[in-house]
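Structure first, then comments.
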Amino acid sequence: VDGVGVSETRMEGDQDLQFLLQGGDLLKVRSQSWKKTRYFKLQDDCKTMWRESKRTFRKKQTFLLDDISVVRHGRQSEGLKKNTEENVEGRCFSIMFKSQRKTLDLIASSEEEAKQWVSSLQKVMFNISNLSHQQKTEHWIYSCLRKADKNDDDKLSESEVKRFLRLINIEVDDDYAEMLFKKCDKSNTGLLSGEEIEHFYDLLTHREEIDVIYGAYAKTTGYMSPQNLLDFLMKEQREEVTLADAHNIIRKFEPDEGAKGKQLLSKDGFLMYLHNADTMVLNPKHKEVYQDMSQPLNHYFISSSHNTYLMEDQLKGPSSTEAYVRALLKGCRCVELDCWDGSDDEPVIYHGHTLTSKILFRDAIQAIKEYAFKTSDYPVILSLENHCSVEQQTVMAHHMNSILGSALITSPLGEGMPSNFPSPEELKGKFLIKGKRLNKLEASFVQDTAAAEDTDVTEEEESNDEDEEQQKKSKKKLKMAKDLSDMVIYCKSVHFHGFEDARKNLGFYEMSSFKEHKAMGLAEESANAYILHNVEKLSRIYPAGSRADSSNYNPVPLWNAGCQIVALNFQTSCSEMDVNQGRFLVNGKSGYVLKPAYMRDLSSEFDPITLTRGDWLKPKTLHVMVISGQQLPKVNKKKSSIVDPLVKVEIYGVQADVAEKETNAIENNGFNPEWNENFQFDVYVPDLALLRFVVKDYDSTSGNEFIGQYTLPLTSLQMGEPPPLLTVNPLTVRLHSRSGLFVHVMVLDAE
């Protein structure tokens with residue numbers, strides 16, 4: 001059992017790995033008065049960090065390296081800025097997590113040691129992220145074996161075997177556990193060790209559904225020859241392949257050197273091939289930027305966040321620069337900054353008139369600059385909700401100029417007045433400001449401050465349902481610093497007075513923000529007009545103010561109406577965010593997805609509600625067979641709890657395409673459940689459809705518990721003729737990266 005972690009990270013003898021395995025003391029910082037020494041080390045599985053208190057030697061929390069989003073050197077987190085002095089800058093580092101878990105703020109004994117922790121963690125994290133699914137599974141199983149081995153003797157007693165089965169999420173009766181144990185206990189010692197544990201592992205990981213497929217094609221002394229594999233690839237899998245491709249697969253995936261030498265593929269090699277990226281349900285070509293990125297900016301759906309600075313709810317939770325980092329690392333390309341006057345002439349960001357905490361505008365811009373282009377090279381839009389005095393607006397402009405420098409767009413690209421948006425390609429590595437402007441882009445610039453042609457109404461007030469007379473009375477002229485106004489080039493915020501008014505009176509760069517209910521109404525009642533509006537302009541949608549809990553609305557109907565900037569609360573894990581991340585999973589996670597041609601054409605008659613005939617109608621029949629699952633985790637951590645998994649298959653898209661179907665629940669088996677259930681869906685507009693797999697833990701009394709999900713655009717399904725046998729893998733599970741589904745998908749032209 002020992003040593004599997006080291007070998008699988010391919011880092012034997014590596015100094016960074018040895019440093020983490022040895023571990024050391026770090027000062028954990030919670031507040032100015034709470035700073036305590038904790039001993040941190042990497043466990044032998046090379047994927048779990050563990051800490052203990054020096055004083056009590058009581059075991060403390062562990063966390064997976066896989067759950068770390070980013071490790072930041074220096075006093076970059078809110079906690080370290082607030083609770084430490086500048087003279088420890090070089091000794092500080094913070095660990096941010098993918099989940100809502102609080103950031104870990106730490107101080108090392110020296111600057112060199114802090115740098116060593118940061119670089120070592122980053123290196124091992126990188127190696128783990130590049131492990132294959134098969135390796136991750138074995139990693140996890142071996143770490144469960146170690147946990148089950150309570151007395152650390154590298155042997156398993158019968159009671160330890162039962163404990164292990166529970167750890168890996170299998171409920172078996174005592175008779176079956178005893179039978180398994182006796183079958184493996186060849187030495188009759190009442191303990192499993194060495195090869196007996198391996199035999200036990202093989203029995204557990206036996207995949208009957210793979211046996212059937214492998215058996216049908218392994219015609220060469222119980223193995224697959226290159227020709228046998230070619231037959232499988234051509235008949236079951238997809239695309240044109242050659243005998244040379246089959247040879248390459250054997251060379252790459254066969255773990256047994258003897259079989260590899262004879263050009264044969266064993267069942268283990270076949271399983272490793274099925275878990276490789278080329279057999280995933282997502283078309284591997286769509287993992288890279290594959291779309292035309294030279295179209296005008298408004299011809300793309302843009303991954304967008306609402307009140308990006310908030311970590312939790314909208315009324316009393318914390319604001320943090322870390323929230324910007326998290327959103328940007330998820331591929332978000334439009335972030336929001338609510339700016340208010342702060343003390344010492346420094347503007348602050350928070351949700352005005354609430355109890356949410358405040359952060360400095362300057363710090364937010366610095367964090368955005370640092371993380372804007374880590375996930376995507378394509379432009380970031382800074383959506384300013386400006387409540388500041390003219391004086392502090394000048395400070396805002398100064399900070400953006402000095403921090404963002406030449407990456408900030410402060411004048412139109414090219415010569416003269418533009419007539420259309422530049423493309424994401426032309427704007428790579430650039431920042432655009434969205435906000436109010438004193439005048440039209442065409443006009444000569446006004447000196448110092450002046451009354452704006454529009455009024456000082458923020459988007460939250462803009463969509464209130466009070467009557468227009470009342471609104472007119474309450475409006476006041478906007479005072480703006482010219483420095484800040486001049487930075488608004490391609491995204492000038494204006495009121496929406498109807499599609500006809502926008503067409504006649506607004507420039508291409510003048511855009512409106514819509515509260516979700518207003519936008520949903522337009523998307524239902526005037527869908528084609530909204531689509532045509534968005535062929536020329538940008539639209540931003542944001543959640544209703546009543547969503548104090550930071551819940552989200554369904555973005556799909558707004559995308560169907562051509563809206564580009566559909567802003568969601570990125571900090572909230574929910575089906576709506578899953579669908580958003582599924583939409584932007586493709587095109588290299590660039591945060592930009594090209595709209596279909598009929599949503600970029602001013603003569604388009606496309607209406608997602610009525611679905612009249614046109615290029616958009618490409619009726620398909622989607623066949624999905626949910627075959628089996630692997631290592632589905634238990635969400636409810638009570639010891640008696642074993643998963644009863646079921647799978648829901650959902651279609652999002654135009655109204656006519658929305659559908660969902662679900663399998664039966666499999667009792668007491670999250671380790672290797674089998675369903676073998678078939679579903680069929682009719683899809684009329686595949687360009688706008690998303691396919692979502694959801695795994696839930698069935699509970700007849702309190703409602704089913706979410707286990708994990710995977711969402712992707714229907715047009716990004718890996719496909720070919722004949723239909724492929726694919727794995728949805730790894731399932732995007734909010735707890736573990738090893739979970740997966742084994743499915744068969746087929747998309748046929750509808751008759």
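Placed from the backbone N, Cα and C atoms, the Cβ positions cover glycine too.
Remember, TrEMBL labels are computer predictions, not curated facts.
Marked as active site by TrEMBL: His306 (among others). Sequence-distant contacts of His306 (active site), defined as residues of its own chain at least six apart whose C-beta falls under 8 angstroms from its C-beta, comprise Glu336, Tyr542, Pro543, Ala567, Leu568, Asn569, Phe570.
The active site annotation in TrEMBL covers His351 (among others).
According to TrEMBL, the Ca(2+) 5 binding site annotation covers Asp697, Tyr698, Asp699.
What TrEMBL lists as compositional bias 'Acidic residues' is 451-469.
Annotation comment: TrEMBL describes 19-126 as domain 'PH'.
Per TrEMBL, the feature domain 'EF-hand' maps to 136-171 (among others).
Within the model, the domain 'EF-hand' (172-207) carries an average pLDDT of 77. If you look up TrEMBL, you'll see 172-207 (among others) marked as domain 'EF-hand'.
Under the heading domain 'PI-PLC Y-box', TrEMBL lists 484-600.
Annotation comment: TrEMBL describes 603-727 as domain 'C2'.
Under the heading O-linked glycosylation site, TrEMBL lists Ser187 (among others). Counted within 10 Å of its Cβ, the other Cβ atoms near Ser187 (O-linked glycosylation site) come to 12, all protein chains included.
TrEMBL lists Thr189 (among others) with the feature O-linked glycosylation site. Its Cβ taken as reference, Thr189 (O-linked glycosylation site) is surrounded by 11 other Cβ atoms within 10 Å in the chains shown.
The region 'Disordered' annotation in TrEMBL covers 449-477.
Counting in whole angstrom, His351 (active site) lies 37 from Asp697 (Ca(2+) 5 binding site) by their C-alpha atoms. Here Asp699 (Ca(2+) 5 binding site) comes close to Asp644, Glu705: these same-chain residues lie at least six apart in sequence, with C-beta atoms under 8 angstroms from its C-beta. Helix first, then strand, then coil: DSSP counts for the domain 'C2' (603-727) stand at 9 helix, 55 strand, 61 coil. Counting neighbouring Cβ atoms within 10 Å of each of the binding-site residues (Asp697, Tyr698), the lowest count belongs to Tyr698. If you take the Cα of Ser187 (O-linked glycosylation site) and the Cα of Asp697 (Ca(2+) 5 binding site), they are about 39 angstrom apart, rounded to a whole number. The Ca(2+) 5 site is defined by Asp697, Tyr698, Asp699, and by the 8 Å test on Cβ atoms against their centroid, the other residues of the chain that qualify are Val643, Asp644, Pro645, Leu646, Ala665, Lys696, Ser700, Asn704, Glu705.
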